[in-house]
Amino acid sequence: MTQVAKKILVTCALPYANGSIHLGHMLEHIQADVWVRYQRMRGHEVNFICADDAHGTPIMLKAQQLGITPEQMIGEMSQEHQTDFAGFNISYDNYHSTHSEENRQLSELIYSRLKENGFIKNRTISQLYDPEKGMFLPDRFVKGTCPKCKSPDQYGDNCEVCGATYSPTELIEPKSVVSGATPVMRDSEHFFFDLPSFSEMLQAWTRSGALQEQVANKMQEWFESGLQQWDISRDAPYFGFEIPNAPGKYFYVWLDAPIGYMGSFKNLCDKRGDSVSFDEYWKKDSTAELYHFIGKDIVYFHSLFWPAMLEGSNFRKPTNLFVHGYVTVNGAKMSKSRGTFIKASTWLNHFDADSLRYYYTAKLSSRIDDIDLNLEDFVQRVNADIVNKVVNLASRNAGFINKRFDGVLANELADPQLYKTFTDAAEVIGEAWESREFGKAVREIMALADLANRYVDEQAPWVVAKQEGRDADLQAICSMGINLFRVLMTYLKPVLPKLTERAEAFLNTELTWDGIQQPLLGHKVNPFKALYNRIDMKQVEALVEASKEEVKAAAAPVTGPLADDPIQETITFDDFAKVDLRVALIENAEFVEGSDKLLRLTLDLGGEKRNVFSGIRSAYPDPQALIGRHTIMVANLAPRKMRFGISEGMVMAAGPGGKDIFLLSPDAGAKPGHQVK
């Protein structure tokens, strides 16, 4: 049946840029990729995008811990994430970052429209503050007991047990995740998005019938509890986008994170030189379809805040949300100690991507059910289905076709009715792929595979091959088997991209959804090469052991500058502003008689001379080499009387000490007396 081509934009939830991709992440990206590949096979115009969620306090603090900038950390993490997704053959058209100019502009645009339309409210709130670290605590940096279901060890924004959202101040017995201290309350002005104004619109959207029943039911519970205004601002220090005309205030990561979908698509349009498509997909009256694949833990943000933000800023809402459950391994939560918290890159060191893609797909449905990766069942199912049923169908027929008929298939089908049974299944299987009933699609395909193998068993080409005068029968039987293999692989193409490539090379033709209506007759195939290898439990054992070793390595003591010399306690901006740093010219440098550590520096501050004693002699055995250099000094440090004289300041240097001391210098152009700001 001919379909009208649709314009479709598909997204996955944005992975957070402070950690590696693991098998829990991969469920969603595989699910979305299978659906996208099917849509492309049916001739639809699909844009499949994602990005790293790159803002927030966790990223800022982890970068500090690593001794690098947040920008450097998220850049490195983006490369790692993209490598992992490419390894699993996730066919993104674009992978971007929320820390981008596109996302900044769109975040400011949406915020300004919401503000102009009266949906942004200002008020002073009492907020949890870490007295030991000197910082306000983001939601995810406070833990305590859920105020709704009383589950312990829950984050400050939502409960992973009951799904409730709340303010971190509502937590019972809260603790700072940063220091372990009990937070104290401090006042701060914050900006709020007026979510209750959109209650009627959101309830109508919920009742439209597009959302999964479980999602709609959960949303109804939230409506009955009453929607609350949403705090969209955070106080400095914070890594993110500063709110326009609000110094020291930043957009909360959950405001600009979903806008990252738009930012990534805008980046893709700009790369293509296509200025039309962005509005075509995101304008209020867009006829394009927009789907978000997400986990059940972020339904609240995507089903309430996100559509309300879009509505309030005159953009289109999502067509639907496709929500999935969590991944367990061997019936339990992924565990680092048991070696079942498995990174995507670790998996690819032991198994190919198609194996996990197939196993997840075989278990997925349109419901929000958790998926268990039972590693023993995984081995058995991959071997039984992919190797024994599908690949074996090709291998047991290809040998005869290659050896006896120079790779040429028969001119007629041996069993046209059986072939029709296979092609007639396209509607049922296609509908299963379309509706995300992936497990049903796989069951239908494997039932056909059983039928195909039964046909070969009954026809027994290995027996026919030994009988004189039956060459035509042998060619017909084996050609039939290969044609049935082609249909099966066409149905499995969205799931098994690498196996599909090898199958297409053998069949000497591209596998297309509509192409199966015409069997390969009188067609020459290529010599058969092994398409897929069996897997075994030894590989699983090696995978689990490797995951355990990675955990041990990650737990090893951190080495490097920060380990030896940790960052000091946080200071306020006012504290920092008291330090007057100036550019100084070193006019003279000499040894200090009676000291094996000090150099006497004569510094020119642009009209004022200073005498400074500095403990850098071990790194600069020839003090004359410093004369003429510019450096940075603390100009308002109280003079210090020493037995060699008075030191009138301090020069800035870095390094662990000894010979490894490095005097700081400003860029060319800085002049003596210039203030460092």
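FYI, residue positions are counted from 1 along the chain as it appears here.
Cβ from N, Cα, C; glycine included.
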> Pick from 15-25, 125-135, 169-179, 268-278: which range does Swiss-Prot record as motif ''HIGH' region'?
Replying inline: 15-25
>> Quick check on the annotations: Swiss-Prot lists motif ''KMSKS' region' for one of 143-147, 153-157, 333-337, 673-677. Which range is it?
In response: 333-337
>> Which sequence-distant residues neighbour the motif ''KMSKS' region' (333-337)? Criterion: at least 6 residues beyond either end, Cβ under 8 Å.
In response: 22-24, 327, 547-548, 551
>> For the binding-site residues listed here (Cys146, Cys149, Cys159, Cys162), tell me which residue's CB has the most neighbouring CB atoms inside 10 Å.
In response: Cys146
> Which value does the mean pLDDT take for the motif ''HIGH' region' (15-25) in this predicted structure?
Replying inline: 96
> Taking DSSP states H, G and I as helix and E and B as strand, how many residues of the domain 'tRNA-binding' (575-677) are helix, strand and coil?
Replying inline: 7 helix, 46 strand, 50 coil
> Using Cα coordinates, what distance in whole Å links Cys149 (Zn(2+) binding site) and Lys336 (ATP binding site)?
Replying inline: 27
> Name the residues of the same chain, 6+ apart in sequence, whose Cβ is under 8 Å from the Cβ of Lys336 (ATP binding site)?
Replying inline: Ser547, Lys548, Val551
